[in-house]
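Here's the structure, in structure tokens; my notes come after.
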């Protein structure tokens, strides 16, 4: 009978494990998919540009990394003459991330960074979006090997491109190396003019694209306020003047248009990627055929250059253009009729984008149509009627308003789609958490009454009813987004399983606290502060204060004084500046010196252990002082001998955790740059003084229950795990790759070895957490409580994931969410990894081998 009862329980446990794994995969994938799915829609119709374009060809000069402030302060001579009497100029405003790929794509395609490129990799992936090059009769592109292949790979029909070797991109601060990059591009055009130009002398719809990396290279190497940066810009100006003169002499005047701009700016310290004014403001100059002459500055969006290129050479606006809007004031007002028709073409192309996004998001139904979508189409139809009547100026005014409205409409549909995905995923996750809680804490109901069967029937009916609107929207209303139907169905199934679980089992939480309300409130607050701490590091100090208060409440008189003292000391570290790359050896030496005192004073430790540890500490100190160069073998010997040294300690908890601490201190010190060893020693002392008693999993009836104390311990373990990372660093430092941290181990640059050593540096404090779990309750429901709290922590963090901002902003948001998802798995991993550190004894092993050999002889 007992075996028969165990089988359903075992099957239920297996189902929960499999379903939980599926839920975590779907949740992690779904949040990424909702935010980083490509917005590019294939198969959109091409809207042709009206005839009568003013230019046969256009030159686009993109000075990579040239910021507007420097351009304005040191305006080069030739472009300055254009600004004063020959064209239009102003500021082109970029979006974050201010990087080369997003900037160049915005200029030629009218869309900002495809979020899915974050996971695809972008240097070599084929072009899956439309651009002005695709719409042209022929295009020639010259420049950096990081940019040109984006547009040329996979398209050999009308796009030709060439790049210099990647090794030329040298940041050695040599002016000649910087000058060579841009000179090569202009030389390639001179070769084209001499060899291929005759075949295209009378052709139209021709584009030349010059990607000029000189300013970016000079800015990174010498900073944008340097003479080298300005000289590079002046040299660039001379080359542009020469190109214009040669082009005008060969093709004739008033047949060619020119645009000069930049993909992004640069900070004073030579970086880019974020959203400062110096990074987002770039120069814009246009002159030649069809361009107005106005010395006043004009502000445009970077993506607005795309429809300008299309209008000037008479090619369709790229079908994937999302936000590029044609500014009529940039064009020669003499061509007012052409300008009005070009604006109408731009508006119709954006209307196709809106229509495709609406059908993808809400289907063909007008129920969920955005009211400004209706306004857009009404205004567009009205502007077209006005233009047909010959009221050109009035139609231009109307069309200008219409095109600017398009971005708001597109943003609404994109946000509407993302919000629906996240809502379904959130409900799915809540259902999973409820099911997990019931499975872990629920006791089977003693009697299954008729009412329970009725509730079961109701749950099954609710499943069917909830599925109907999803099916109607997807199949009947014509919603083309299958992902919404998929996430919606998984959400319904998750809630259905949770409801059935609640019917079958009665959730039970055993209260084993004198002040349960205060303890429960502390757990909730501690979990919330961990969520905030992932965003603002300093709030981990508040978390540790709360943890110390909870420990005093839980352990009461049994709370060791050193547990509370070291807990209060750990409050300081999240308030300190993060550890930087510049080594502060004296702080590391202080930690090493302090560690010798407890080694010598520690009782119940064999003298040979003390001698070994003191020798290791002295050698580590000499290595840190560079008295000895340990990169050949000594540093590696200290690192690799650590497990062996730990195994020499007795398996008693107090002695073994002490041995783990002092043995790991040497490799950690060799990988440290500042106060990391001090943090490690205080953290280790805190761990050593935890009251190590077993948590009972059984209730008085003998059944497994979840206790309030399990959640308290789980919250502490989660906090300790996060503190191992954020006690000395932040989200940015977790992904940093500073070679100075591995200076005592390597003589040559080796990315894989360096990454492994830096990972080890973060893992060393986690080993202490794993040892604590093993000492507390290796078979308890603590992991279940960690899973519950971690999954609850993931709910607010899922809404923090974004595809907007700098690469650092995007990466940090993803990392915060991923940490919450993998935190329970991380604790489980360190639990198993630390088994040898707590259970293996070299003396016992040798004794067993000796006994075995003796028996074999007998």
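Every residue gets a Cβ built from N, Cα and C, even glycine.
Whatever TrEMBL says is automated annotation, not expert-curated.
Copied from TrEMBL, the annotated features are:
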type	residues	note
TRANSMEM	12-32	transmembrane segment
DOMAIN	410-806	domain 'GPI ethanolamine phosphate transferase 1 C-terminal'
TRANSMEM	420-438	transmembrane segment
TRANSMEM	450-472	transmembrane segment
TRANSMEM	484-503	transmembrane segment
TRANSMEM	515-532	transmembrane segment
TRANSMEM	562-579	transmembrane segment
TRANSMEM	585-602	transmembrane segment
TRANSMEM	657-687	transmembrane segment
TRANSMEM	708-728	transmembrane segment
TRANSMEM	748-769	transmembrane segment
TRANSMEM	781-801	transmembrane segment
TRANSMEM	813-833	transmembrane segment
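Across the domain 'GPI ethanolamine phosphate transferase 1 C-terminal' (410-806), the model assigns an average pLDDT of 81. Among the stretches 420-438, 515-532, 781-801, the one making the largest number of Cβ pairs under 8 Å with the transmembrane segment (813-833) is 781-801. A Cβ distance under 8 Å defines the sequence-distant neighbours of the transmembrane segment (562-579), meaning residues of its chain 6+ beyond its ends; these are 533, 537-541, 544-545, 547-548, 551-552, 555, 672-676, 679, 682-683, 685-686, 688-691, 723, 726-730, 732-733.
The listed stretches are 12-32, 515-532, 657-687, 748-769, 781-801; of these, 657-687 has the most Cβ pairs under 8 Å to the transmembrane segment (585-602).
Here the transmembrane segment (781-801) has Cβ contacts under 8 Å with residues 20, 27, 31-32, 35, 422, 425-426, 429-430, 432-433, 436-437, 440, 523, 527, 530-531, 534-535, 695, 697, 704, 706-707, 710-711, 713-715, 717-718, 773, 813-814, 816-817, 820-821, 823-824, 827-828, 831 of the same chain, all six or more residues outside its ends. Sequence-distant contacts of the transmembrane segment (708-728), counting only residues of its own chain at least 6 positions beyond either end whose CB sits under 8 Å from a CB of the stretch, comprise 509-513, 516, 519-520, 522-523, 526-527, 530, 533-534, 537, 540, 543-544, 547, 550-551, 554, 570, 573-574, 578-579, 674-676, 679, 683, 687, 695, 734, 762, 765-766, 769, 772-773, 776-777, 780-782, 784-786, 788-790, 793, 819, 823, 826-827. Sequence-distant contacts of the transmembrane segment (12-32), counting only residues of its own chain at least 6 positions beyond either end whose CB sits under 8 Å from a CB of the stretch, comprise 119, 421-422, 425, 428-429, 432, 435-436, 439, 487, 490, 494, 497, 787, 794, 798, 801, 814, 817-818, 821.
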